[in-house]
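In what follows, a structure is listed as structure tokens, so that the remarks can point back to it.
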């Protein structure tokens, strides 16, 4: 195993495969039995957050309340099946019931066996107790003894088994649990008023309600312009023992603060799909853009009988689906294995470049690993490779770099990296060496089993969760508090299948050990930055920035060459002007050709890498290019500020046009700080784009419609002393008090240039440190071109919801919180 970057111990051990996930906000979540631990990889020794999967919370600080943000879908699913009488009114549900129960019995212990190595389990350890439905009584008079054995449960009451009593319906108050068991019904009353179900019916209903595996889809977007608040949403797929998969729609929150409204969104059941005849043991969801017309949501389901199916769903159809009829998923491919080894993990990888090929990886309980390729155009699937990858259950799979490489982990405590060579999977060693890293205590010698892996958003690092062998730990100190460990390992310095760009290689004797991996670091980092340029992914660059900061310490000359190559590609039309050797005079026509997303990337790298702790390293005479990066950062932020002002002015003009034409602007973004932006344009007249000065002339006199069009207030007063505050800068302000020494300093909103409130909480950017009080609409960050180059005001989307993103860095904004609470580190 490669030396890890850092490790963090956990107080509870994982139990099931795929027990770890890395979110798009750069938080790592680990499922450990009865609780979920959330970590910040940038501060593993810092605060954590715990979601306890029970009703009683152990302590109030740092715990997510169940009533506030954790939704329980089990009761909703029960109500759905109860309304349709568990599908028993339909003959098609009752006919295959016997086969369903038989399959259920044959693979009864497949998923639960993952808790312990297969070698430790015997044939007599396959009993699983099923939970009883408190809303029904069970007919033990029916002569169906084999069904009782198949169902594997006792017909006698769970409590006080030594004393028999009549079985009756328990009063249920809508919580899916028994609330009052003090007054059981008599047998006569029960037989008259309550429905009777057989043992087979109980087993079938128990299989329907027993959830085994869950998976989230990527964030999906709808083209519906009417219901704009639900334009972004995602799908939660839940697989059960019956072979069904239920789909739950969760919409993106309308607001990101409880000051405006409720943040949590209730999940909505949109339908149930019968995918297999036995236990659904693995699920993977991915968006495919094989055709330029529309995208589809791909669903891969794995079963305990060894089969795997790929389904394709229409995204627009899922968005508009109201639960009437079948879920809009179509079976497009099916894999029936020659062996009946249950599927333990699957992973889909679809290219975002309109390519029809979709990669599918399948891991099985036997330790075998298969890769398949499905062509979305020809609808053909081909087995590309298969091998015996591990000695025990494959507990985690993840494609990296758009299917160029594949990572797998197993219950045998091994983690491996693979690349596809023809029809074979070739294992490549994970031996990344990265100096100048803060390596923590190595716990690999006492680790026991691996329960999942996940890739960082920038795909330069991997996180693996392992349980610890308590027999090898100190029973007094370690065994009580250390149940598992999460290890973070660099992967960006190894060959992962990306073609090498020879132009970024800089042979330097400053770091002989690192020089052999310079090619891989450079190629992989440039690939990652290229993926962020499209604007489809959130700007979470923590692992990429951490790698660049390490290169700055160990190989500054190589970093300078690498970043010069990247900047030159950004200004490809004017690459001869990008030079470290002399002062750069950035022209406005150069910056205006760069997309806003690339300018955000440029600002992040300038602040967090090139200009952070910028001290001259020994032997790095050619790297001192502080003036170059300062000039580049100033020009980039000036360009973004002009785009922000022009966007705001454009919204004012469009709202004015809508009001004059009688069009409603109720759900459109309301611009503020227009007077301050007007003052800024006036102060910098002659240095800005001509289009911006033209827009200013058109909005200088909003007239009587000011209150309905925008907020236009020239006069600002100090919050502390009520003295006037003149507009002198777009970032900071000072009141005009009588005593210059007692002038109060205040911050201005980065998005509106108004004074930030000192009484209400505001947002702040962890990259540039700017304060934001008025959030901008999402359309500002997703515009394909500068609003200065747009033809008219029709290109501006005013109905997009406001999002907490920094207008100068593009990263997720945060609220100021105490240091003992968990926060994210996007960069």
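Just so it is clear, glycine is given a Cβ too, placed from its N, Cα and C backbone atoms.
Just so you know, TrEMBL annotations never went through curation; they're auto-generated.
Database features (TrEMBL):
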type: REGION; residues: 113-141; note: region 'Disordered'
type: REGION; residues: 157-192; note: region 'Disordered'
type: DOMAIN; residues: 215-471; note: domain 'Transcription factor IIIC 90kDa subunit N-terminal'
type: REPEAT; residues: 280-312; note: repeat 'WD'
type: REPEAT; residues: 387-418; note: repeat 'WD'
Can you tell me which parts of the same chain pack against the repeat 'WD' (387-418), counting only residues 6+ beyond its ends and a CB-CB cutoff under 8 A?
1, 17-20, 113-114, 117-119, 344-349, 351-352, 357, 359, 361-369, 371, 424-430, 447-455, 459, 462, 464, 466, 491, 494, 496-498, 524, 527
Mind looking up the mean pLDDT for the repeat 'WD' (387-418) in the predicted model?
91
Taking helix as H, G and I and strand as E and B in DSSP, count the residues of the repeat 'WD' (280-312) in helix, strand and coil.
0 helix, 22 strand, 11 coil
Per DSSP, what is the residue count of the repeat 'WD' (387-418) in each of helix, strand and coil?
0 helix, 19 strand, 13 coil
